[in-house]
Amino acid sequence: MTPELQKAWDALRAHHKDVADRRIKTLFHGDRAAAFSAQTEDLKLDYAKTNLDAEGVQLLLDLARAADLEGRRAAMFSGAPINETEGRAVLHTALRNIDGGPVTVDGQDVMGEVRDTLARMEAFAKSVRDGSFTGQGGRITDVINIGIGGSDLGPAMGTLALAPYHDGPRCHFVSNVDPADIAQVLEVCNPETTLVIVASKTFTTIETMTNARTAKAWMSERVSDPAAQFAALSTAEDKTAAFGIDPARVFGFADWVGGRYSMWGPIGLSLMIAVGPRAFRAFLDGGAQMDRHFQAAEGTDNLPLMLALVGIWHNQICGYATRAVLPYDNNLSRLPAYLQQLEMESNGKGVSMDGADLEVHSGPVVWGEPGTNGQHAFYQLIHQGTRVIPCEFLVAARGHRDELHHQHQLLVANCLAQSEALMTGRDLDAARAKVADRFEGDELERQAKHRVFPGNRPSVTLAYPQLTPFRLGQIIALYEHRVFVEGVILGINSFDQWGVELGKELATALQPIVEGADASGKDGSTAGLVGFLRDRGL
Ligand SMILES: O=P(O)(O)OC[C@H]1O[C@H](O)[C@H](O)[C@@H](O)[C@@H]1O
């Protein structure tokens, strides 16, 4: 860590010591709500309900500067190999730069290829949607995307998010190697009218390849040329050919698109088939708009920067180990899962870019569920548990059901009530007043204590007009850049994922053992579990 960066961390920690005990609510005077929010025409990020003050924000901005955020950001957009452990550029932004200028990697403009692939995807999606591409039993009724991690979560989350725009064939997403996953999808599909999309950046992921073979076998029972109803999305075009997929239905992309950043390109094909090329373009436009905003907006006007700095404040400075993402937008119900990969696979590292042990914590545990469901499940702990969980709310002005707008208004009231309750809490006097008509004496005290809400719990709220394709693009790109900024400040490589390798290697080594080979070379626990499962039918 450079002395300048060290100084910036120290200054923030010292500031936190001074302000840790105050109550957020006492900070509300003057124009706090406006000063502690970042806004574009369509998006408002409110972080007034945090313990940040002007000095805290300034110190966070100093931290970003000391980490050379501007330099790293320019390096990313310019196509420099900032994924240093893999020697790759990081240019998922190029996939949505459709109306923008050239983007060069190793001196070559990649935009021609990006546009060509997008045009091929659009032509194919159109042919599936209008029935000119058919299965061997007629028009395509079902699309099955087989992929995992970044080759699943993006299109699965996006297809659900844009359900009101879904006018193409039904889309199913199979990810788990657990046969239960694929079996229940195959059960409801007709092989003669189903398109299978095998989505895998590497085309070697064992779960995906196993499911793809199962789908091919299922299809070959009913159609004479199953491969004709397969498409592939991958960087490994040689491997897609070996699987028997016609290059006309192979949509390739370059290694400078990370798996968890890949829904903007070919990996988004199932989403494009669901909502149509036009809506998909609007999604790309939303992402591109956020890219421009991220590069141009200054300091506190910059949404991804401020979302990241609030995250750093909570996770690193206040020591809150997790953050809850709570969309009050049911169609975003897979957003928490999507963000778990985006954030935790990107910033869940213990080693800095230069190979030294990290001197700060890795990124936070991210989790969540849509409101209002979470309110009736785990909000108890958020309100009264002993650990503070910063909450991130998402809420739209309007849903897609005008006739049920009164229900949407109730949803919004719930969202706003939660952030208010978290901040304000309820003190012992107010709690006593709640039960004074039913209890007295010691029992009144005891009952009141259970009804105290400590409050002073921070949250941020992202508000937007409506979850359209364009807006989804903005929101996903906002989170991507937030992860980038946090990664730069932590000094890590947000674009590799070595931490997933060991489990994969050991699973491969364990396969013969679960199939019957001798387990005695394994530790006693593993061997014991194999024995237990074998005795019961493994
Ligand atoms: O797209 P694939 O190559 O099949 O990879 C699928 C996923 O598996 C890997 O193990 C990585 O952890 C993920 O980043 C990736 O998205």
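Any Cβ shown, glycine's included, is placed from N, Cα and C.
Per TrEMBL, these features apply:
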- GLU345: active site, proton donor (ACT_SITE)
- HIS376: active site (ACT_SITE)
- LYS504: active site (ACT_SITE)
Position of peak Cβ density within 10 Å, selected from the active-site residues HIS376, LYS504: LYS504
Neighbourhood of the residue listed as 'active site, proton donor', C-beta criterion under 8 angstroms, separation at least six: GLY149, ARG260, GLN497, GLY499, VAL500
HIS376 (active site) versus LYS504 (active site) - Cα distance in angstrom: 37
